[in-house]
There are 2 protein chains.
Amino acid sequence: MAKPTPLSGFPELLPAQRYVEQQVVATLARTFELHGFANIETRAVEPLDQLLRKGDTSKEVYVLRRLQEDDSSKDKGIGLHFDLTVPFARFVLENAGKLEFPFRRYQIQKVWRGERPQEGRFREFTQADIDIVGRDTLPFHHDVEVARVMLEALGRLDFLPGFRLQVNNRKLIQGFYAGLGLDPDGIDEVMRLVDKLDKLPVEKVRDMLLAEAGVSEDQADKALALATIKATDDSFVQRVRDLGVSHELLDEGLDELATLVRSCAPLATERTRIEADLSIARGLDYYTGTVFETRLDGYESLGSICSGGRYDALASDGRTTYPGVGISLGLSRLLVTLIQRGVLTADRSVPSVVLVAVTDEESRADADAIATALRARAIPCEVAPTAAKFGKQIRHAERRGIPYVWFRQDDGTSEVKDIRSGNQVAADPATWEPPNEDLRPQVVTTIDEGESK
Amino acid sequence: MAKPTPLSGFPELLPAQRYVEQQVVATLARTFELHGFANIETRAVEPLDQLLRKGDTSKEVYVLRRLQEDDSSKDKGIGLHFDLTVPFARFVLENAGKLEFPFRRYQIQKVWRGERPQEGRFREFTQADIDIVGRDTLPFHHDVEVARVMLEALGRLDFLPGFRLQVNNRKLIQGFYAGLGLDPDGIDEVMRLVDKLDKLPVEKVRDMLLAEAGVSEDQADKALALATIKATDDSFVQRVRDLGVSHELLDEGLDELATLVRSCAPLATERTRIEADLSIARGLDYYTGTVFETRLDGYESLGSICSGGRYDALASDGRTTYPGVGISLGLSRLLVTLIQRGVLTADRSVPSVVLVAVTDEESRADADAIATALRARAIPCEVAPTAAKFGKQIRHAERRGIPYVWFRQDDGTSEVKDIRSGNQVAADPATWEPPNEDLRPQVVTTIDEGESK
């Protein structure tokens, strides 16, 4: 077999890089569990008719077929899931009788989309989602809760760049447009056009509002003014009021968003900021209140790395409706990009903190016994694969980043060498311990000359 | 959307069940890391020509196609991997220049096979593999090592039934048959037929050996005699010698297997047994020395739950050959069966150990502050979703298996109630700690009336 080449859009990590991803997953899981979120995994496949309910994503779905399947197969079509929301909604309906509501779950899994690969966009990638789902009703304070939990989780990833959680509320936008006198179709059209502000100059969007949405100059100017409002506190409320529009739904949205910003503000730090950004709408049509997006400092070109919101009908079986609020972190978009640019890695490629040297093959059992004693006290280690010259065994450790090499003397005593300093001391496998910072690989960061500020 | 129904062969777990799986994965990972195995994940897909190299499995492969792809697409065909060995071999070749050999890795991922589902056999399932791969050479002591590591890992899963690791050596079998005077084709044919002993009566296999493999009665009887030999120590060596067959490869196989059994014997307990079983051959043709299978006590009908062996050419790029030895645990085969039969679950469906009660919505922030104080000391908790009557809030905790409910009094002090005993005591969120056994959900086992002894 000739040397294989990577498949575009299907990133893979080397062991030291994968260690970074493992640490991130463990930190996220720990934070979500501290807040009472239970983990689930759903199968990778869903019936095609479920996956294609939203026409928008149909082009991205990978369809599965068994190799020996003939076309007349009675199997219903199945495809790989393209997010974790569609399978979660199905899981809730399928298991509603066995779940307790409100149901809080986190889910960290791979998803697949047949998109054209580009930086930060892959065909196979990992998402980390939290959602809270109620039966019939779900209090608004859960919107605050998912935002706070994700802020805390991202905040704990202190080797990542800082970020900005941007929040808005669809009731606010829709109420504002309704207060401007737009009908539902007009609201959708204006929302769609204003959403282009991140790609097109404001003058161009204004022209489109006038020509395509058929709104008046005053309506266009107010819609654009609303979208320019940003604030890290609830001062945005007065700025919206100053635009002179009133509507019941607008009031509700302003109240909710002000509550969200005030409740999250205490969690903000220099690295983890929260901002009401009234231009955020999220294209997907099922959000009905709070919406979230997140920008990574210095990597704004990646787009949002963490998005979500409130949906009044996450799932429905016709009789019962399940409202939900959730937020989804694009783990691969965030990590693979930083790892591929060399910004993030680990300081060793193996978990071992010690390599136990082997004097000769006859004494391998003695080396094994030392390793067993170390492992009994939770110290990861490995025994040298061959009884090569000690210099070669030390280089074996060095190439993997293993900081200590253990030597057993003929008299049964031991010495351990820190191969970084060359310092070698007597040691007993029943009591010796490495410094805590050596026990596990450490995530190391380097400055990205390319894009960071 | 009507209530969805499960897809046969794609098992999913409820939160308390998934917790059991999470604990097993964490225990396996911790054990593998203590022995210096680094984690990797490979992409879910491989080029079809790689997946179909072994004709045997072609019928099981799921082929992928983008929904909008036309038949003339220039994309090479890809399919979902059906094990973790094919992708690992490809990963080693692709990254050989960036890896240090011997390379030790563990990999815990889902795989897919379009097989007809039956108990213990799924279309989507999780495997946990460890392998050690060398460049050009790989010392035999690594065969011993992977067996010991997997024995230790399975031994730590003390809520599982006991198991028996069965070991054999292909050199022993092939050398024995060669010593009987069989040529390579004859060896393969006899091995194929003797492998049927677990399904067919010995007389039937003997008839087939005579008729289909064309061996003499003496050759057939000796081949069958070899396959009946089992031992938990190295006494099998003499029993093989007593059959009066000699061959250089047989000697090598006997030596290796005796070393393996002697080295693993000290790890054996009543729950974790090791046995040389000279009937074990493993159907797959790439094993060249040590072979492993594992039976779960009381669940022998599941077949082997953990299998593997030595392959002198795990991968080769024509210039360099990479020998390997590994063992693969069928996590879903093991767990999903026990979980679906109700033998294994967890004692609560959420990570929370405390539910903080809410007196009224106005004081929700006080309840949040208590939860924050508990989480700061790594105590998972959640705040009641509504300010319902306390009896209802207690039932909310009860239904999830949350053992403690926290009440804040009007004067700012707190009490915490163990809702199992009804015991309620004063508590300070800055210092209170639950007993260690309550901090995390516990895996609970019930006797399986169906199959266990």
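Please read every residue number as a count from 1 along the shown chain.
For all residues, glycine too, the Cβ spot is worked out from N, Cα and C.
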With B:ASP83, B:LEU84, B:THR85, B:GLN127, B:ASP131, B:ARG282, B:TYR286, B:TYR287 listed by TrEMBL as L-histidine-binding, which of these, B:ARG113, B:ARG116, B:ARG148, B:ARG271, is given for the same site?
B:ARG113
Annotated region 'Disordered' segment (source TrEMBL; candidates B:51-81, B:299-329, B:423-453):
B:423-453
Same-chain residues at least 6 beyond the ends of the region 'Disordered' (B:423-453) whose Cβ lies under 8 Å from its Cβ atoms:
16, 19-20, 23, 159, 161, 297-299, 301, 338, 341-348, 350-351, 353-354, 369-370, 373-374, 377, 379-380, 401, 403-404, 406-407, 413-417
So, three-state DSSP: helix, strand or coil for B:GLN127 (L-histidine binding site)?
strand
Of all the binding-site residues here, B:THR85, B:GLN127, which one's CB has the most other CB atoms within 10 A?
B:THR85
Return the average pLDDT for the domain 'Aminoacyl-transfer RNA synthetases class-II family profile' (B:102-351) as a whole number.
94
Widest Cα span across the L-histidine binders B:ASP83, B:LEU84, B:THR85, B:ARG113, B:GLN127, B:ASP131, B:ARG282, B:TYR286, B:TYR287, in Å?
22
B:THR85 (L-histidine binding site): secondary structure state under DSSP, collapsed to three categories:
helix
B:ARG282 (L-histidine binding site) - helix vs strand vs coil (DSSP):
coil
